[in-house]
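These notes are about the structure you will find just below.
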């Protein structure tokens, strides 16, 4: 389809997608240049902190205004397009219909173009009348029951529902080993982090006995995880006294959610807040331990912590983002995946340095000069400017596997050069 054959709505959606891509990459490039400027002298001043925070809030404000503008434009385009379909703008067709009506007065009728378009609903009605399909997993341990010898063993009729038997996917050895490895951590988190799902909020909360035990145990243990993270210097007396409100809240939750016929929404909100705080506590604990391990490895291998940060810690910190971006892209939302790839580093660069320094009340933050960090920033800028801002727009706005391989290769080269330079400088 040529650009002239597209509707106004399609043109606006295409323009929004391209503009959003350029906007996100441009702000990421600006943040990288600003960070490279801020660390040039090894000191992050208070003015530079405010500059980082201001750039982030400018980015967020622009996103909100941008989306509001394009949503209004697309909505107006839909209204105009719908209004045009209500009228027949072809004068030749109108003259033909008038001649047709005058040629045979007995068979004439009032012509309504909308009547012709209603024929399209026949396809929709045909889809509605189709029998819905549900999947039933075959029990591989026994034979499948069949009500008739002539029926298909892989297809059974249940009333008006067409059910197909689906063989369960066998887990690979790697998946089984991974499940066994993650089982202790899963049990630890489920018994220390209270969870309330959306279904628990909407309906009546009547959990099974194992779920009830997990909830009550997590309500008893989660406050102590929070105390150990946010209040490590609290005295023993306060730790003992904190047992009383913890037991009281757990008993109140049991009485209100399990025994009461009208559960309180405030209790559910309190459980959710407690779960969020405990999750943040666990993230802080894990991050502290990872940093301690990296510091130990850097002292043993004579590699600076900055080089360890851009390799081991960066990979471990980005695995979750990588998986979520791949899943979102496969679901058909590439712009959302791109925004998450850009938004996460922007949050870490601008607020991770700027807002943390402002909240701590520092006038200056010393950032030791690091060749590896500067080289990584230069490599990132090359990737952003040359490939994302120049190559992809000139290549027809397509980001195929060759572009991805080239970007991964540049990242690998940049990290390898940074580590080699650090080792040479240390020795």
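Each residue, glycine too, has its Cβ placed from N, Cα and C.
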**OP:** From the ranges 175-196, 307-328, pick the one that TrEMBL records as transmembrane segment.
**Re:** 307-328
Original post:
Pick from 212-230, 288-306: which range has transmembrane segment per TrEMBL?
Top reply: 212-230
Original post:
When DSSP states are grouped into helix, strand and coil, how many residues of the domain 'Sodium/calcium exchanger membrane region' (272-419) land in each?
Top reply: 126 helix, 3 strand, 19 coil
Original post:
Does the transmembrane segment (307-328) reach the transmembrane segment (236-254), going by 3 or more CB pairs under 8 Å (6 or more apart in sequence)?
Top reply: no
Subject >> the transmembrane segment (49-69) and the transmembrane segment (212-230) contact flag, 3+ Cβ pairs under 8 angstroms >> reply: no
Subject >> Touch test for the transmembrane segment (266-287) and the transmembrane segment (335-355), at least 3 Cβ pairs under 8 Å >> reply: no
